[in-house]
Structures are given as structure tokens and as C-alpha cells.
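Undergrad: Before we start, here is the structure in question, set down as C-alpha cells.
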Amino acid sequence: MTLTVRAPAKINLHLGVGAPREDGFHPLTSVYQAVGVYDDLTVTRADGWSVDLVVADWIDRSHVPLGGANIVDRAAALLAAHHGLVPSGDLHIDKAIPVAGGMAGGSADAAAALVALDRLWGVETSDADLLAIAAELGSDVPFALIGGTALGTGRGEIVEPVADHGTWWWVLVPSTEGMSTPAVYRHFDELVPDAPAVPPMPDALLAALDAGDPHALAAALHNDLQQAALDLRPDLAGLIDAGEAAGALRGVVTGSGPTCVFLCESADAARATAADLRTAHDVVLVTTGAVAGAHPVSYV
Ligand SMILES: C[C@@](CO)(OP(=O)(O)O)[C@H](O)COP(=O)(O)OP(=O)(O)OC[C@H]1O[C@@H](n2ccc(N)nc2=O)[C@H](O)[C@@H]1O
Ligand SMILES: Nc1ncnc2c1ncn2[C@@H]1O[C@H](COP(=O)(O)OP(=O)(O)O)[C@@H](O)[C@H]1O
């Protein structure tokens with residue numbers, strides 16, 4: 001039996017960050033959207049356990065740990081332990097989500113592994129248990145399971161879908177060099193020593209999503225980590241200006257960066273913005289959101 005599960009990248013339409021909790025995590029008010037850039041995970045029955053990887057030609061394979069240190073190894077171990085099993089299977093990752101790019105590629109792989117191994121092992125984990133295991137793996141993993149557009153609270157792991165009546169056109173510009181999420185949060189703490197205990201709700205953004213209005217959404221996009229990311233990567237400010245000058249309604253850093261995402265008014269506007277940005281950047285992707293969370297695409 002061979003099963004392929006596809007999991008999407010996420011962007012943060014809103015990322016409100018509060019003061020660090022006692023456990024070191026930051027309380028978040030995040031609006032996630034799953035976009036059409038995917039990692040595919042293929043699992044095949046085997047007696048032992050193995051993980052291998054291929055990457056898109058613009059991704060540096062050496063940035064993805066193998067040999068037991070990949071997040072999919074932890075996903076397999078947690079799901080197996082939940083059912084009193086030992087992990088088994090050959091798992092193959094086909095990666096097109098930027099690594100350490102603020103797009104939750106590792107989280108997507110973890111979510112895909114949970115969905116794929118649940119089927120491979122025939123263990124029929126409940127949705128509630130799968131979400132709980134996902135939350136143990138990482139703050140962004142539950143969202144990768146549900147996809148769509150969702151509000152994330154707690155440390156980002158408590159997710160609920162929100163009304164979204166738009167088809168949103170995005171231009172994405174990843175960087176070849178990733179950024180460390182903990183380092184960006186640490187710099188945020190230096191920049192904003194008086195962050196609130198609970199970041200406020202992004203009411204205007206939620207209304208723009210419900211209305212399907214790209215101009216209102218563009219005006220409401222917000223990321224509390226953006227200044228910290230720009231301090232650590234000053235070149236990104238010029239990229240955001242260039243995307244907006246090329247016709248995007250608005251450009252922002254996604255998550256802890258360094259990927260910058262540009263909301264465009266239409267498919268044509270996205271293609272034109274991307275063409276302009278390609279004169280200076282090797283990798284410029286055009287995509288839409290919202291798309292589904294981790295889901296099987298082939299089963300033989
Ligand atoms: C910043 C965000 C925004 O969506 O995305 P990315 O930029 O990583 O994609 C997330 O909060 C990243 O979530 P994720 O990458 O799953 O984080 P985790 O594995 O849970 O935690 C990694 C580290 O990030 C920091 N962290 C993460 C989440 C959170 N609410 N507060 C934190 O301070 C902690 O230093 C933690 O040790
Ligand atoms: N399957 C995986 N894909 C990508 N990175 C992984 C994976 N497993 C572990 N990692 C580690 O997790 C780090 C964060 O990866 P990623 O999820 O791509 O970024 P981000 O947290 O910015 O969204 C990487 O730098 C890498 O060391």
C-alpha cells in the first residue's frame with residue numbers, strides 16, 4: 001500500500017503577539033490562511049522506519065534534517081505511542097514549501113505524516129486526538145491539519161475556521177536563507193517589552209475576509225513580528241516596497257519571516273507583480289488561498 005498526502009503552506013494574515021507566558025511561548029491572535037504551495041508525503045508499508053527527501057530545485061536540501069531529527073520522526077513516534085505501536089513505514093517527503101521561511105513547512109510535513117500514518121497503520125485516530133497530537137508537535141501543526149482560513153489562539157495551536165468569502169491572489173517571495181523563529185520572537189521581546197497578555201482580535205481583518213474585499217483585506221494585513229524580522233533582515237524592507245511599487249495592494253512578512261507575501265487584486269495583477277519582481281528575485285511564486293489542509297491525493 002502506498003499513500004500520498006498533500007499539506008499546504010500557511011501565511012499569517014494577522015499575527016498579534018503578546019508578552020511571553022511562563023512556559024516561554026507567546027500568546028497569539030493569529031489569522032492563518034493555507035495557500036497553494038505544498039509538500040507531498042508518500043508512505044509505503046515496511047517492517048522498519050525510514051525517511052527520505054527530494055526538494056524543489058531552489059530549496060537547499062541540507063537545511064532539512066534527516067536521520068531521526070525531522071519533525072516527521074516525532075510525528076510518527078507520538079502517533080505510534082498513542083496507539084501502543086512502534087513506527088513503521090518508508091516515508092518520502094517531496095518539498096516545495098520554503099524551509100525556515102515563516103510558511104510552516106515542517107508543520108505541514110508533520111500534519112501530512114499524521115494523516116498518512118493514521119491510514120497506513122489503520123488506527124482511525126479521532127479528529128480531537130489528531131489535533132491534540134498535532135499541538136504537541138508544534139504551535140502551527142493543528143492549522144496544517146484543518147487548512148482554510150482560521151483564527152489561532154493560545155500559542156497558535158487552538159484553531160477555529162473563520163468566514164472567508166474571497167479568492168485571494170498572492171505573490172510569494174521566499175529567501176534562500178531562512179530565519180530562526182525563536183530568534184525573531186526574542187527580538188520582538190526586546191522591541192516590545194510592554195506587549196499585552198492577550199493580543200486583541202483583528203476585527204477589521206475578519207470583516208474583510210467575510211466580505212471578500214481585497215482592498216479592505218490589504219489595509220488590514222498585520223504582523224507584530226514584522227519589525228523584528230526586518231531588523232534582522234533589513235533587505236526585506238526594499239522587497240516589500242518593490243512588490244507594492246510593482247502593483248501589489250500590500251506586502252507583509254509572513255510569520256517570523258523571511259518570506260514576503262503580496263496580496264494582489266486579481267490573477268492578472270498577481271502575474272504582473274510577479275513578472276516585475278522576477279527581474280530581481282530568482283524565486284517568485286503566484287498562488288491562491290484558501291486551500292484545504294492535509295489531505296490524501298493518491299492511494300494505491
Ligand atoms: C511564528 C509562527 C507564526 O505562525 O510561524 P513561523 O514563522 O514559524 O512559520 C509560529 O508562531 C511558530 O510556530 P511553530 O514553528 O509551530 O513553533 P513551535 O515549534 O511551537 O515553537 C518554536 C519556538 O518558537 C517560539 N514560539 C512559538 C510559538 C509561540 N506562540 N511563541 C513562541 O515563542 C518558541 O521560542 C518556541 O520554542
Ligand atoms: N520536515 C521538515 N521540513 C522543514 N524543516 C524541518 C523539517 N523537520 C525539521 N525541520 C527543522 O525545522 C526548522 C523550521 O522549519 P520550517 O517549518 O520550514 O520553518 P518555519 O518555522 O519558519 O515555518 C528548519 O530550519 C529545520 O531545521
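Glycine too: its Cβ is placed from the backbone N, Cα and C atoms.
Positions annotated as active site by TrEMBL: K10, D140. Taken from TrEMBL, the feature domain 'GHMP kinase N-terminal' applies to 70-148. Look at TrEMBL and you will find P98, V99, A100, G101, G102, M103, A104, G105, G106, S107, A108 tagged as ATP binding site. According to TrEMBL, the domain 'GHMP kinase C-terminal' annotation covers 206-278.
I'd like to know what surrounds each of these features in this structure.
TA: All protein chains shown were included, and the count of other CB atoms within 10 Å of the CB of K10 (active site) stands at 31.
For the domain 'GHMP kinase N-terminal' (70-148), the predicted model reports an average pLDDT of 98.
Same-chain residues at least 6 positions away in sequence with a Cβ under 8 Å from that of A108 (ATP binding site) are, in sequence order, A7, P8, A9, K10, Y38, D39, I97, A144, A294. In the three-state DSSP scheme, A108 (ATP binding site) falls into the helix class.
Taking a C-beta cut-off of under 8 angstroms and a sequence separation of 6 or more, D140 (active site) has the following same-chain neighbours: K10, Y32, A104, S107, G156, E157.
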Undergrad: On a count of neighbouring CB atoms within 10 A, which of the binding-site residues A100, A104 is highest?
TA: A104
Undergrad: Could you tell me how many residues in the domain 'GHMP kinase C-terminal' (206-278) are helical, how many are strand and how many are coil under DSSP?
TA: 42 helix, 11 strand, 20 coil
Undergrad: How many other Cβ atoms are found within 10 Å of the Cβ atom of G106 (ATP binding site), counting all protein chains shown?
TA: 25
Undergrad: Within 10 Å of its Cβ, which one of these binding-site residues (P98, G102) has the largest number of other Cβ atoms?
TA: G102
Undergrad: Ligand 1 is in the model; which of the recorded positions K10, P98, A100, G102, A104 have a C-beta less than 6 angstroms from one of its atoms?
TA: G102, A104
Undergrad: If you take the centroid of the Cβ atoms of P98, V99, A100, G101, G102, M103, A104, G105, G106, S107, A108, the listed ATP site, which other residues of that chain have their Cβ within 8 Å of it?
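TA: Not counting the recorded site residues, we get A9, I97.
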